[in-house]
Amino acid sequence: MLRGVLGKAFRLAGYTIQYGCIAHCAFEYVGGVVMCSGPSMEPTIQNSDIVFAENLSRHFYGIQRGDIVIAKSPSDPKSNICKRVIGLEGDKILSTSPSDVFKSRSYVPTGHVWLEGDNLQNSTDSRYYGPIPYGLIRGRIFFKKC
(Lines of atoms letter the chains of each structure in order from A and count residues from 1; the text may use other names and numbers.)
(Lines give C-alpha, C1' and ligand atoms only; values in the text may rest on other atoms or scores of the structure.)
Protein backbone atom coordinates (compact mmCIF):
# COMPACT_ATOMS: atom_id res chain seq x y z
CA MET A 1 0.00 0.00 0.00
CA LEU A 2 2.81 2.42 0.87
CA ARG A 3 4.52 1.50 -2.38
CA GLY A 4 1.35 2.44 -4.34
CA VAL A 5 1.01 5.80 -2.60
CA LEU A 6 4.69 6.63 -3.16
CA GLY A 7 4.41 5.58 -6.80
CA LYS A 8 1.45 7.90 -7.36
CA ALA A 9 3.22 10.76 -5.56
CA PHE A 10 6.36 10.36 -7.70
CA ARG A 11 4.29 10.19 -10.90
CA LEU A 12 2.44 13.36 -9.89
CA ALA A 13 5.75 15.10 -9.13
CA GLY A 14 7.13 13.95 -12.49
CA TYR A 15 4.12 15.28 -14.40
CA THR A 16 4.29 18.55 -12.50
CA ILE A 17 7.96 19.01 -13.42
CA GLN A 18 7.32 18.10 -17.08
CA TYR A 19 4.43 20.53 -17.47
CA GLY A 20 6.34 23.20 -15.58
CA CYS A 21 9.24 22.85 -18.03
CA ILE A 22 6.88 23.02 -21.00
CA ALA A 23 5.20 26.16 -19.60
CA HIS A 24 8.58 27.77 -18.90
CA CYS A 25 9.78 27.11 -22.46
CA ALA A 26 6.51 28.44 -23.91
CA PHE A 27 6.72 31.71 -21.94
CA GLU A 28 10.48 32.10 -22.51
CA TYR A 29 10.67 31.31 -26.22
CA VAL A 30 7.17 31.71 -27.68
CA GLY A 31 5.54 34.57 -25.78
CA GLY A 32 2.99 35.52 -23.21
CA VAL A 33 0.69 38.10 -21.67
CA VAL A 34 2.24 41.24 -20.15
CA MET A 35 0.67 44.09 -18.18
CA CYS A 36 2.39 47.42 -18.92
CA SER A 37 2.51 50.02 -16.18
CA GLY A 38 3.56 53.64 -16.18
CA PRO A 39 2.90 56.64 -18.41
CA SER A 40 5.94 56.41 -20.73
CA MET A 41 4.08 54.87 -23.70
CA GLU A 42 0.91 56.99 -23.51
CA PRO A 43 -1.24 57.44 -25.56
CA THR A 44 -0.31 54.22 -27.43
CA ILE A 45 -0.31 52.03 -24.32
CA GLN A 46 -2.05 53.26 -21.19
CA ASN A 47 -1.11 52.41 -17.61
CA SER A 48 -2.25 48.84 -16.75
CA ASP A 49 -2.97 47.87 -20.38
CA ILE A 50 -2.63 44.17 -21.12
CA VAL A 51 -0.57 43.32 -24.19
CA PHE A 52 0.58 40.13 -25.87
CA ALA A 53 4.28 39.76 -26.59
CA GLU A 54 6.00 37.23 -28.83
CA ASN A 55 9.59 36.27 -28.14
CA LEU A 56 10.55 34.65 -31.45
CA SER A 57 11.53 37.94 -33.14
CA ARG A 58 14.31 38.62 -30.67
CA HIS A 59 15.84 35.18 -31.28
CA PHE A 60 15.92 35.70 -35.06
CA TYR A 61 16.92 39.40 -34.98
CA GLY A 62 13.50 40.31 -36.34
CA ILE A 63 13.14 43.49 -34.27
CA GLN A 64 12.48 46.49 -36.54
CA ARG A 65 12.49 50.25 -36.08
CA GLY A 66 9.05 51.26 -34.79
CA ASP A 67 8.35 48.01 -32.93
CA ILE A 68 7.25 48.22 -29.31
CA VAL A 69 9.30 45.84 -27.20
CA ILE A 70 9.49 44.54 -23.66
CA ALA A 71 13.07 44.70 -22.32
CA LYS A 72 14.90 44.28 -19.04
CA SER A 73 15.56 47.67 -17.51
CA PRO A 74 19.26 48.58 -17.73
CA SER A 75 18.99 50.46 -14.43
CA ASP A 76 16.97 47.78 -12.57
CA PRO A 77 17.36 44.22 -13.92
CA LYS A 78 14.45 43.00 -11.78
CA SER A 79 11.95 45.08 -13.75
CA ASN A 80 10.89 45.23 -17.38
CA ILE A 81 10.32 48.28 -19.55
CA CYS A 82 7.99 48.80 -22.49
CA LYS A 83 9.44 51.13 -25.16
CA ARG A 84 9.50 51.77 -28.91
CA VAL A 85 12.57 50.90 -30.99
CA ILE A 86 13.87 54.15 -32.47
CA GLY A 87 17.26 53.01 -33.72
CA LEU A 88 19.07 49.80 -34.59
CA GLU A 89 22.79 49.08 -34.58
CA GLY A 90 24.72 51.47 -36.80
CA ASP A 91 22.05 54.20 -36.71
CA LYS A 92 22.74 57.79 -35.76
CA ILE A 93 20.07 59.19 -33.47
CA LEU A 94 19.19 62.85 -33.08
CA SER A 95 17.45 63.07 -29.73
CA THR A 96 16.38 65.80 -27.40
CA SER A 97 17.53 65.81 -23.83
CA PRO A 98 14.86 65.27 -21.17
CA SER A 99 14.73 69.02 -20.59
CA ASP A 100 14.02 69.59 -24.33
CA VAL A 101 16.69 72.31 -24.47
CA PHE A 102 19.57 70.49 -26.13
CA LYS A 103 19.62 68.15 -29.10
CA SER A 104 22.36 65.59 -29.27
CA ARG A 105 23.55 62.96 -31.71
CA SER A 106 24.10 59.46 -30.52
CA TYR A 107 25.46 56.43 -32.31
CA VAL A 108 23.93 52.99 -31.74
CA PRO A 109 26.82 50.51 -31.47
CA THR A 110 26.81 46.94 -32.77
CA GLY A 111 24.56 44.65 -30.75
CA HIS A 112 22.49 47.50 -29.27
CA VAL A 113 19.17 49.29 -29.88
CA TRP A 114 17.89 52.75 -29.02
CA LEU A 115 14.57 52.75 -27.13
CA GLU A 116 12.28 55.68 -26.34
CA GLY A 117 8.82 56.00 -24.85
CA ASP A 118 6.07 57.65 -26.89
CA ASN A 119 5.45 60.11 -24.04
CA LEU A 120 8.83 61.86 -24.23
CA GLN A 121 8.03 64.26 -21.40
CA ASN A 122 7.48 61.39 -18.98
CA SER A 123 9.77 58.55 -20.07
CA THR A 124 13.05 57.17 -18.77
CA ASP A 125 14.63 55.64 -21.84
CA SER A 126 17.78 55.58 -23.97
CA ARG A 127 18.04 59.35 -23.67
CA TYR A 128 18.97 58.67 -20.02
CA TYR A 129 20.83 55.38 -20.12
CA GLY A 130 22.02 55.24 -23.73
CA PRO A 131 21.62 52.39 -26.18
CA ILE A 132 20.75 49.06 -24.58
CA PRO A 133 22.19 45.65 -25.49
CA TYR A 134 20.03 43.60 -27.84
CA GLY A 135 20.17 40.76 -25.31
CA LEU A 136 18.00 42.75 -22.87
CA ILE A 137 15.02 42.59 -25.24
CA ARG A 138 12.52 40.02 -23.96
CA GLY A 139 9.86 40.23 -26.68
CA ARG A 140 7.93 42.28 -29.22
CA ILE A 141 4.37 43.42 -28.60
CA PHE A 142 2.09 42.26 -31.38
CA PHE A 143 -1.38 42.76 -29.89
CA LYS A 144 -2.97 45.11 -27.35
CA LYS A 145 -6.18 44.18 -25.63
CA CYS A 146 -8.69 47.00 -26.07
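Any Cβ shown, glycine's included, is placed from N, Cα and C.
No curator has checked TrEMBL annotations; they are predicted automatically.
Marked as domain 'Peptidase S26' by TrEMBL: 20-93, 102-143. Residues annotated as active site in TrEMBL: SER40, LYS83.
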Counts of helix, strand and coil residues, the domain 'Peptidase S26' (102-143), according to DSSP: 10 helix, 19 strand, 13 coil
Cβ neighbour count within 10 Å of SER40 (active site): 24
Cβ-Cβ under 8 Å with the domain 'Peptidase S26' (102-143): same-chain residues at least 6 beyond its ends: 31-32, 34, 39-45, 51-55, 57-58, 61-63, 67-72, 74-75, 80-96
Between LYS83 (active site) and SER40 (active site): CA-CA distance (Å): 8
For LYS83 (active site), nearby residues of its own chain (Cβ under 8 Å, 6 or more apart in sequence): SER40, MET41, ILE68, VAL69, ALA71, LEU115, GLU116, GLY117, SER123, ASP125, SER126
Summary of DSSP states over the domain 'Peptidase S26' (20-93), given as helix, strand and coil counts: 15 helix, 27 strand, 32 coil
